[in-house]
């Protein structure tokens, strides 16, 4: 694969013809289908026809014939048998493979199955986008390294995409040869028996799911139902009618100690599952941190927490079987109890998730050694940050798929989460989606420059080597610079919402990192202003402006705190006058930032509504409103301090008189929730990952001694 042939995913085998020759599309060219398969080929043929018209301006009339391979100046699609032009042996291609041959006479695409033909059409569409009317001479033999290649999109942290957005996303995934799609649902489906669960969230309706399921099937994507069935039940358990099902009063896990839990889940499945044609159900069941600490504590003492968890999974398996489904589950909890993995029925698929770049993923090796069917589940690294942590995503996907293939994984599910309100635009995940597609189809050795060249042409609509793609990497690195980068997050997001005078990042983040972040954002803004796709252009330039503002905001906070500490007292009249001038400039700067924040808030709302339903947007709008109030309070306090200084009194440089009202933002809220759990159940009951989190935050020792 070379930059000369920018395809996503890159084909497994590619042979070049003479570089000085080409097959040329003209007004007489035809798209020819065999009469024996016209019903099965007409949909991808129409898709190809539309792309050719868009890319070249020429029509490509479709003709059906008994002898499709007789004649020149044509594109031939054939199914089930090798064509004379190719002489293909289909044995190694599998159900999703295809052969594409281009010589000076014709273009021939042939595949053993409809899925392979569809994927070959996606390759042809990309060739027309890249080369226009003159296609290079080549032969491609292509098939995936992984039979299951999926994306899971979180639709439960505030943002529920519109139907149009979901259709557009499915078109993108299909063009990248993904064949599996999930929507992560906790409460954002309209359950007919329990409509109050989704009230106010603008949920997906049964009609939405039915339409999406059909749309996916037409593009060879399996839409798999995903319904959280154990933990992560904060919305449901906050409703009074379900409060008795709360394990320990933390509004997190459904208790397995009550039969009413299973009655509820059975009713939810009855409403949910009939809308899908997939034979799978993802029951999730990850991060059940409070299991066995409350209502089910006697059961946990009798059975052990691991076996109590296993018992719940087996109940869910029974429910799913009533609807003809097998279940898949996240593997994190069972990996705490590896001795129980062998007791799982073989038909349960384990989803091994890790979102940080590592040199090796030992859990994949463990699951492979246990003979379990499993998939690897890396992440887009798009959440908990104002811009994706691109380098982390690339390394996470590449290495996890590599280790998964070595250990016998049969699939990859690329996860795209939306923690703390899903404030990031969906389109920012475009590059990680492309990386996931390339590596899960072509293998982990695909070079980054190959992906970048194809990404520029096929997705950004820009030439290979364009600055718009370099800007992805530069800004993606800047948000993870020292003091900004954190596991599973970037402080760029907290910088946006941090308290303007008393925020904790003021003393933490390196000013040089902020300068680098601002510069990267402004450079990206200039590049992304040239993107031809209006949705991408609007989303990416908004993201760049938001990052630049967050950097400037924190820079101003740092400089203001330094100024307060440096104001001389007592001071002679000249020094005091200089100090007052500096204070006036700082106050004016803060006021300017407050005004810019209001404009960014409005732009955020417009960005949200381009892609998603309104429900859930207020979660982030309320953050903007709370920050605006902090600006107002900060300005009032600073003006009072200026008055004190003008009167010859010292300013309160350490903010002892400045009240924040308990203001918290983003994962500061999450940390408060974790501390609440620790107080509820005791440190000794916390699972290892939560103890590690608290230890990393420097809080475990204080809790243990309390």
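Yeah, the Cβs are placed from backbone N, Cα and C, and that goes for glycine too.
Just so you know, TrEMBL annotations are computer predictions that nobody has curated.
Sequence annotations record features per position, and here TrEMBL assigns active site, proton donor to 287. The domain 'Beta-hexosaminidase bacterial type N-terminal' annotation in TrEMBL covers 7-143. Taken from TrEMBL, the feature domain 'Glycoside hydrolase family 20 catalytic' covers 149-362.
When pLDDT is averaged over the domain 'Glycoside hydrolase family 20 catalytic' (149-362), the result is 98. Within 10 Å of the Cβ of the residue listed as 'active site, proton donor' there are 18 other Cβ atoms, across all protein chains.
Here the domain 'Beta-hexosaminidase bacterial type N-terminal' (7-143) is broken down by DSSP into helix, strand and coil counts: 40 helix, 41 strand, 56 coil.
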